[in-house]
Amino acid sequence: MSGAALGLEIVFVFFLALFLLHRYGDFKKQHRLVIVGTLLAWYLCFLIVFILPLDVSTTIYNRCKHAAANSSPPENSNITGLYATATPVPSQHPCFKPWSYIPDGIMPIFWRVVYWTSQFLTWILLPFMQSYARSGGFSITGKIKTALIENAIYYGTYLLIFGAFLIYVAVNPHLHLEWNQLQTIGIAAANTWGLFLLVLLLGYGLVEIPRSYWNGAKRGYLLMKTYFKAAKLMTEKADAEETLEDVMEEVRKVNESIKYNHPLRKCVDTILKKCPTEYQEKMGRNMDDYEDFDEKHNTYPSEKSLVKLHKQVIYSVQRHRRTQVQWRILLEQAFYLEDVAKNETSATRQFVHTFQSPEPENKFIQYFYNPTVEWYWECLLRPWFYRILAVVLSVFSVIVVWSECTFFSTTPVLSLFAVFIQLAEKTYNYIYIEIACFLSIFFLSICVYSTVFRIRVFNYYYLASHHQTDAYSLLFSGMLFCRLTPPLCLNFLGLTHMDSSISHQNTQPTAYTSIMGSMKVLSFIADGFYIYYPMLVVILCIATYFSLGTRCLNLLGFQQFMGDNDMTSDLVDEGKELIRRGKICLLK
């Protein structure tokens with residue numbers, strides 16, 4: 001089985017990343033480089049999360065093997081922590097290979113390739129591709145030039161941060177700058193930035209994910225929130241339509257002013273191809289005037305203004321299409337929730353839909369998920385399932401918060417993650433170790449990654465499902481994943497005391513931490529920021545629990561769903577009326 005588990009997970013994670021990207025991206029319309037770049041970034045980050053438990057179990061076996069080959073430490077030894085509890089007496093606990101054991105030398109090479117590839121993507125390639133994708137240039141050279149100019153400030157900022165770390169090491173008389181230390185400084189700078197953002201997202205996800213499932217059991221709450229979303233989405237939809245109309249009017253004027261024989265006519269034709277079909281048919285190609293353009297001394301737009309217009313067309317068309325699709329999806333959700341509310345009092349206990357799906361369902365699904373089964377699931381079982389799941393997730397959240405505040409304590413061991421791993425390590429239960437590690441890091445990843453999928457920065461960054469995410473947001477999400485995953489994994493290893501810089505034990509490190517180098521080169525980060533900053537997750541969890549961010553946004557004029565707010569009630573009523581009108585239109 002050596003290496004088989006690693007190979008299976010590599011394949012599985014690839015298809016998982018491909019499935020998620022297909023849900024959010026559009027393989028047919030978006031540029032292939034955007035799809036490949038985002039897929040590679042998501043794939044590498046998910047791969048780290050899935051492979052790390054195998055690295056932990058392999059490291060524990062190697063420690064056991066090393067301890068068995070050497071004499072056991074004396075009984076009065078003051079060594080504490082993971083290594084002391086894990087050091088076996090060979091006659092009592094013989095070392096045996098875990099089922100997923102990875103041969104020596106494979107994991108360091110694997111992690112080095114994965115880590116540095118992800119860092120190349122997040123700091124160099126993806127930012128460049130973002131600017132390239134947003135550029136309104138009409139040629140590859142023009143888009144590359146725009147991307148280089150936009151990234152000059154971006155790269156300069158991070159070079160300045162790296163330079164500050166470099167100066168700190170250079171002026172410190174106790175440190176001698178070498179290549180390995182220089183590499184460590186770069187890794188520390190990237191991980192420090194990532195940890196700063198990681199705690200913010202983690203504090204939100206630890207509270208919001210359990211709460212979302214608890215509220216998901218409340219049908220009335222879900223329906224009111226759907227009405228609220230409908231009112232807000234209709235406002236956004238109307239704004240997108242108005243913006244598209246204004247941009248199309250500008251395109252019409254440009255199309256009429258620049259004739260067929262003008263040098264910039266090719267640029268206009270490129271813009272027209274990006275317009276919706278109905279607008280293309282209205283404007284057509286202006287070839288009815290065959291007079292030479294130089295004879296009319298007209299004022300023509302510059303190429304720079306056409307580049308700006310091209311960029312506006314791409315953005316407005318994509319936003320208009322996205323709001324149209326989201327409106328149809330939201331209508332279906334509202335109709336279904338209304339059907340659930342009606343069917344809860346059904347005497348026949350068979351689920352009846354107001355609107356049947358236009359697409360024929362699979363016969364296998366129809367047989368097992370018939371109207372009776374659907375009624376029991378939707379009206380009876382699902383609310384209780386969501387409540388139980390919310391309670392379980394809440395327990396996990398409490399464990400994470402406690403461990404984040406106590407993981408630096410090695411005597412006694414207070415981090416619950418470390419306690420669970422050490423208990424399993426005493427009996428060398430590798431299956432339990434890998435399951436415990438996977439569930440722990442998977443929950444941390446869900447809290448962080450789901451927040452990345454949920455957050456929205458106006459219309460600048462927005463991950464929309466059903467293939468409605470633009471190229472810029474896809475690439476930006478790939479950058480976030482690549483920056484968040486390494487500090488997330490280091491934080492997990494710290495929680496389990498598998499990181500020697502946290503446990504302060506002279507033990508064999510995991511292959512993952514070995515590529516990070518010794519963070520002691522920057523002691524104020526290793527012994528300060530990495531230890532105490534994660535404690536802020538408590539404050540962030542409290543702020544999220546009391547919805548302080550939502551209340552602040554409401555005060556600033558950005559309407560958020562709050563049950564005890566007059567503005568929320570008005571938008572709920574407005575959304576309810578919009579859904580009612582939409583249902584009437586469909587019934588007709």
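Each Cβ is built from the backbone N, Cα and C atoms, and glycine gets one as well.
Those TrEMBL annotations? Automatic predictions, nothing curated.
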Coiled coil range according to TrEMBL, out of 62-89, 118-145, 230-257: 230-257
Feature contact check the transmembrane segment (431-452) with the transmembrane segment (109-132), CB under 8 Å, 3 or more pairs: no
Any chance the transmembrane segment (472-493) and the transmembrane segment (183-207) have 3 or more Cβ pairs under 8 A, given the pairs are 6 or more apart in sequence? yes
Counting Cβ pairs under 8 Å that sit 6 or more residues apart, are there three or more between the transmembrane segment (384-401) and the transmembrane segment (6-21)? no
Are the transmembrane segment (33-52) and the transmembrane segment (431-452) near each other by the rule of at least 3 C-beta pairs under 8 angstroms (pairs 6 or more apart)? yes
Over the coiled coil (230-257), what is the model's average pLDDT? 92
